[in-house]
Each structure stands twice: as structure tokens, then as C-alpha cells.
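Quick look at what TrEMBL annotates:
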- B:CYS33, B:CYS34, B:CYS99, B:CYS128: [4Fe-4S] cluster binding site (BINDING)
- B:34-141: domain 'NADH:ubiquinone oxidoreductase-like 20kDa subunit' (DOMAIN)
- B:254-379: domain 'NADH:ubiquinone oxidoreductase 30kDa subunit' (DOMAIN)
- B:523-793: domain 'NADH-quinone oxidoreductase subunit D' (DOMAIN)
Amino acid sequence: MPQPLAYVPLDAPFSPWNPGALPLLIYVGIVCGVMAVILFLSGFLTRRRPSPAKQQPYECGIVPTGPGRFRYPVPFFLVAVLFLLFDVETAYIIAYAAAWPDLGLSGYLRMAVFIVILGIGLAYAWSKGALDWDEEEGL
Amino acid sequence: MTSTADQLFRPADAVINWARKNSLWPFFFGLSCCFVEEATAWGPRYDIARFGSEVFRGSPRQADVLIVSGTMFKKIAPVALQLYEQMSDPKWVISMGSCSNSGGMYDVYSVVQGSDQILPVDVYIPGCPPRPEAVFEGLMLLQKKIDAGERPARPVLHLPGGSQGGREDFLVDGQTKARDTRGPGYAGIPIRGTAATEPRFAGSRAEVLWTPPAPGLTLSREQEVLAADLAAVFGGDATLVTGQDAPGDMPTFEVAPARIPEVLDHLKRKAPTRFERLEDLTAIDETARKAPAGREATAVYTLTSLSAATMVRLLCPLPSREAALPTATGVWSAANWYEREAAEMFGLRFDGHPDPRRLLTHRDWVGHPLRKDYEGRATNMPAFTREDCARLAPVDAAEILGERAKDGDYLLNFGPHHYATHGIIRFVMALRGERIKAMGIDIGYHHRGVEKIGERQTWHQFIPYTDRVDYLSGIANNLSYVTAVEKLAGIEVPPRAAYARVMLSELFRLSNHLMYFGTFLQDLGMMSPIFYALREREMVLDIIETITGGRLHPSWLRLGGLAADLPEGWKEQVAAFVKIFPGRLKEYHAGVTKNPIVKARTKGVGGITAAQATDRGVTGPNLRAAGVSWDRRKAMPYGAYADFDFDVPTRQNGDCYDRYLVRMDEMRESLRIIEQAAARMPEGRYLSADSRYCLPQKDAALKDIESLIHHFVNVTRGPRLPSGMAYAATEAPRGEQGYFVVSDGGCHAYRMRIRTPGFANVQALPHIIEGLSIADCVAVLASYDYILPDIDR
């Protein structure tokens, strides 16, 4: 089997193997350029013709009642945030489980500490009432 | 001569126009019947995606074509204008259907005679309703208009000149448009044959024509017991109407106004026959009677006994049209809306009514439309303009809820224009978070004044209006109306016609329930079922089209029979459908009924008990879902229904899931009825031989002079019916639809009252929805199956 030819970059500054700052700069430049063109065009090609009706919020064709800024209880929000926490935890645990044979007891202990700390956090949130389904909270 | 600039920008114009015309995004905006055909154009077989316009947008911000599909009501016009204003530029308007084009057949006080009086219309689509193909024709015309007429490159590049978007001017009556359908120059000559059809047509030969009296009533044993009981308890304050004037459909009592709540309460709770339901409550303006009635108005209460399958009517003579009578809301809460309607339409007062506001018309409406001296025709009223839009702008949400909205509640308008309201109805919700604490309903956006129209159309001429009362159920509506008139005049229907009527009504039930199946699940978030449902619905409509020539509104029933005989080939088409459909039903069940998400969204959500449903006058599948086995086709059979073998599906919980299941089962039962009707279709006449009232069969009218004369008289002047009154209700797809026709011995009704299932059903909605979340509210609305003209008429 013939040896594969050694890779000789055409131009050292653009080598993917020896990354330098120049490609990054050019990349940033292209991104900014494209963004500027898109933002300019979408702003320039839009013909704005504001009218009182258009400035109003849309509510099924009726002029809305009352202010739009008001307190709105979202009980599922707290639950969702807590869920997100444990979602991230799952990501760590699965990564840890994949490396289980290499990490041994010390890995196990570290993971246990991680989980216990999260557990304490959950208990604290629970005791503070974060899991109570209070639909009128804050009203 | 084109300028150099024009030529310079031509390629850019062409590119922009090409892009725009092939991706027109219609606004999801439907007013009435026409929208059903517009939605069908979006479904399979027609597939509007071929034109790049399948993206029906729910918000005006994202749409650029407003298809005004349906009747432009005076109450909805300010909303339509607001929505148009909220659409982004460039935008176009297509006016779809006769109503939107010119008011169409609704020349009546509540309808704008052409949406072009307030909106700038680019393309008109004729038809009532236009077929889906016509929608495409309109769309293609608009594409052509964009391509040929617009020069958008310069406006897009901020250069002077060029043009884009549809027209921006609306029309002004008398200057840029004439509401006279004959064109300009006919001022002073009454339009649309008014002189011949208005109630007092001088010198009509019908006045001297003799007609046999309306058939009388022989009381059954139970009815005699009831009459004796009422006489014993109330003496002279509740007397049985007897003799010549006695209506032939049910026992009728004349009750003193002051004692009406007592009599109603007695009939509901203590009488030997218990009447559990307030079927209808309305009034009659007696001031235009040929023979003075000795009173100005009559309040009419119709009650139904579910336990004994019988009905009773109470008449309340009132000395004046401003007279007050005590409210019945204490006995039946369902009386609430009925009394509000009677009050606004006739000017009556109901003492003690908890909420005495106008119901169908706008708060600032002047006059009582069903009074005999009220001008019924919009063409005789000043034209509706943009100034009127400002004057009749919808009232504030806080006003609709009144005291029920508390401090800190967020008031949300759900409708009149919304995906999930299935038509123009406005729910106002007081929200705490996502929980609906109180719900108010503002109806009347779809009020087409059809009861007023019924008083000026001859008995036959009114049939097309009935189709449009529940625009998804076509012939099933015709059936309610002709049954009532036939009862009044004692017309016998030949068996072939009776069987064909049953078959067509059941086909429309299928068509309606298929639409229900699709939209119910679409509102729950399942996109696919509607495509399957529309596919099957097209098969049903094909059969209907073969037989009647029409799709949504065939207007195919006549007094005493049908418009024509069943055509060749109908049987094969029905047989093919009956063979295919059970498999499709199984497919639906497999895909939907066991779906855990559907179950989670609907099981135990929005339940109503049997007692509550009965008390509130809920009818149809919604009542049967609550466990009440009551179906007019079985309990009080009309037409040929007694001859058919079918079951009445019921469920127990009355929740969204049960309402869905009952309708699914009803489709199977309808199919059984259709199969039997097709197999046993009798031979013989398709129209009654009673030429005094009925049209002659067409072949006879073309062959002998006697029939031709009868045809001519009954079509032009219309048959003269005996004076009297009759109520007939049928089990329409959405519930019990009844017509109460009052005749003064003329060629048209003296009073045409339509008791619709939607009116009572929707009135019960706050009871079901208050306390639920918004998402559950959508599930309830979707499962409830109401339709707007059926509520507002």
C-alpha cells in the first residue's frame, strides 16, 4: 500500500491545520458584509406606510381593552425552568456513563456530589413552593 | 407611448410582479357561506397550492390578499375595514360571491349592499356561492391584473413613479356606483319587483281566492288531561284555543301576560305532562293583520316535553308593542337571549330581565326591525358608508362583560375574526392568567334579517333563503321549512319525494359531520384529518350535485315534493359511496379516536350534564353526548323517517370527546339510512298533485295548459295559504331546527320565525367554558359545532 502523500498547504496562512488569525478575520468580514447587505436591503426595500390602524395591536379586528403591559402568571414557567436544569444534568450523566470504565470510583464520587448538589437545589426550590401550581401568583 | 424610464425598469417590474403574483397570501377571513367554498379550494381535489396561495394567514400583518368571502354585515363592516387597514402594503381585495359584490339576495336592513362601498375591490367573483374553480378564476384574474397593471420596481427602489398594490378608492353610492342592479337611470321605479311582492300588493287576485281552512287538531288523551289541569289551576288565565283559529300542530293556550312565569313553571315542574325544554320564545307584531286582531302584539312560547314527546304553545296577547311582561328567565335561564331578541326586534319589555340589552343589532342601532312598519330593505335605506363604520364600531370588551369582569382581569377579544371561532362571533373573556373567569358573547355579526325577508318572499321564493340558514346543511334546512308549511296547509308529500328528502338530508348530515371531523381536529392541532374529510365530503357533494345540480345550496325541495325527479345514475353513485365510506370511517377511527393526545385534550374537558343540557335547550349531538337519548327523527318522526331502521347514538359525559364520538357514530347511522332509502326508493310522483299549493311536475307544465297555469300562478304570485300557524322542527345536523310560520291567508308568511339549534346551544357555552383554560376553550368550541347564520339568522 503506497504511503499517502504528505499534505502540503498551498498557502500557509490559510491552512486548516495551522490555524491563524487571518482566516478568522476574513470569515468575520464576510459575515459582517453579508449581514450588512441583508439588513440594508430589508430596510431599504420595505416601504413603510404607518397608519393608526396598523400601529394598533391586532385583536381579532377589535380595538383592545386595557393596557398591554400587565402581570401574567405563568405557573408552567417555573416547572419548565426546573426541568431545563435536570435536562442539562441528564446530558452530563450520559456523557459520564459513556466514560464509566475509565473514570472508576473517583468519577463516581464526583458525579454523586454533582447530583446531590442538584438534589439539594431541587429540595430548596420545592420547599420554597416553586412546584406549586399557583395560577394567580403575582396578580 | 411608454417613457424611457418605463422601459428601463420593465425587466425589474416583470421579476417583482412574477414573484408577487405567484405567492399571494390570502387572509384567513371568512364571513359566511362563500368561505366554505374558499376553504374547499384549499383542500384536496382543488388544491390552491398550485397558485402559490395555500398559505392562509391568520393575522392581517402577514397577508396581502383579502378575499371578502360572504355577506358584508353592517355589524362586521367596521371590523373588516379595521382588518384591511391592518394588512401590510401592497395589498389587494377580492370580493367573493353575490353578497359581497352587491348584497346579493340579502336586500335587508342588516347587510351592506356591496363591500366596495367601504373597501377598494380589485376583482369580483360572481356566484352564490362561487365554486372553488371560480375562486381560482378570481385569483388568476388578480394575477393578470398585477402582471399587466403594476410597475413596482420604482416604488421598491424609492424612486418616483411606478405603481403597486390594488386600487385604493372605495365607491360612493350615487357617484361612482349605483346600487340599482339595472344600472343608472331607473330612479323612481321600484327595484327587484317590489311592487308585486311587498305585503300590500293592491288588487291581488289572491285576496278573493278561496282556500280550504287549515287542518284542525284533535287532542290526544294526555293533551286533554293537560288542558283540564291548566283550566283547573289557572282558570280563565290560561285557556285552550279552540274552533276555527286553533292551530293544527299542537295544543295552544292563551295566557294572561301577568301569569306567564307561573304557567311556565307549572308546565315545567307540576303539570301532568312535564315540559322540560323551552323550545322557542318569540313574538308577532299583529298591527298589519288583514282583519284587525284587537291587540298589537303576541308573545309566543313553545315548549317541548322530552318525556312525553309532545309540544305545547302559549300565546300571550299584548295590548301594545311597548307592553311589558314578566321575564321567564327565572324558570328557564335559556329565556335570556330569546327575550333580549324579542325585545330588540319588537320593542317589547321584559320586567325583571337580568340583562336587558340589544342582542343581535349594535348597541346604537335605532328601531325594532321586525315591527311591521320598519323598513326591511337596505336599498330603501341610505347607503352604508365609512362614516357608518365609525358610528357602529364594535363596543368595548368591558361593556360586554359588564360587572362580571373584575379588577385585575385581562380582557381578551376572541373573535369576531379568528381561526377557531368558525365564523364571525365574538367571545370576550376575563382572564386571570390562562384561566377564563368569565365569558361574554357578542352575537349578531352574522344577522342576515332572514325572518324579515320571510315576510316579503312568497312561500316558494323563501326556500333559497332556508338553505343559507345553516350553510353546511343545505337541503336539511329546506326540509324544516317545507315541513312547517306543509303542516300549515295540510299538504301530502308523495312517498318518492319523502324518501328522497330523507336521503338528501342524511347526505348533508354526512357532509356536515365530515367538515366537523376535519375542523375539530384541525383546531386541536392535527393538520391531516381535514384533507381526508374534505376528500370524502367531495364524494358526498358529487352525489348531491348529480341529483340537484348544486353543491352547498341546492334549494331543491318544494312544497309537496322536490324540484325535479331523481336523475339517471344517482343510484350507482350512492351505491359506490355506501361501499367505500365504512372503510374510510374505520380509517378515521384508527388515526384519531385512540390518539392519546386527542384524548388528553378532549376527555373530561368541557362537560355538561344531561339535566343542564336539557334545561338550557341544548339540542342535537351535543345533547345526546350528555346522555339524553332524544332524536326528533325517532321521538317525533317527520317525513318518512318512521320507515327507517337506525339507532340513536348517545354517550354519557357530555365532554368534548363524547361530542366527537356521537358525531362519528351518527355518520354510520346516516349511512344506514341512505342505504335503506336508496334500496327502497318508491316509484311515482315527485311532487304532490295538490296544485292549489304545489308546483306541477315540470313535464306536465310543459305539456298541458292547466298545469302551465298552475305553474305560472304559483311561481309568480305564489300560492295562497290558509291563515293559521304551524311549528315544525327537524333533527338538522347541528340539532333541532324549527320553523314557526304564521299565515294571514296571504301569498307570503305573516311572520317567519326560525328556531335554530345554534342559538340555544351557544347560549349555554359560558356555562361550559367558564373555569377552563384558553386551550380547552378552543377544544370546546371546536367540538361544539355551531354555525353563525344558524345563531344570528
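Glycine residues also receive a Cβ, built from the backbone N, Cα and C atoms like all the rest.
Unlike curated records, TrEMBL annotations are generated automatically.
Here the features listed in TrEMBL are painted onto the structure.
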residue: B:CYS33; record: [4Fe-4S] cluster binding site; DSSP class: helix
residue: B:CYS99; record: [4Fe-4S] cluster binding site; DSSP class: helix
residue: B:CYS128; record: [4Fe-4S] cluster binding site; DSSP class: coil
Counting other Cβ atoms within 10 Å of each residue's Cβ, which of the binding-site residues B:CYS33, B:CYS34, B:CYS99 comes out lowest? B:CYS33
Around B:CYS128 ([4Fe-4S] cluster binding site), how many other C-beta atoms are within 10 angstroms of its C-beta? 18
Any further residue of that chain within 8 Å (Cβ to the Cβ centroid of B:CYS33, B:CYS34, B:CYS99, B:CYS128) of the recorded [4Fe-4S] cluster site: B:SER32, B:SER69, B:GLY70, B:THR71, B:MET96, B:GLY97, B:SER98, B:SER100, B:GLY104, B:GLY127, B:PRO129, B:PRO130, B:ARG468
Between 0 and 100, where does the mean pLDDT of the domain 'NADH:ubiquinone oxidoreductase-like 20kDa subunit' (B:34-141) sit? 90
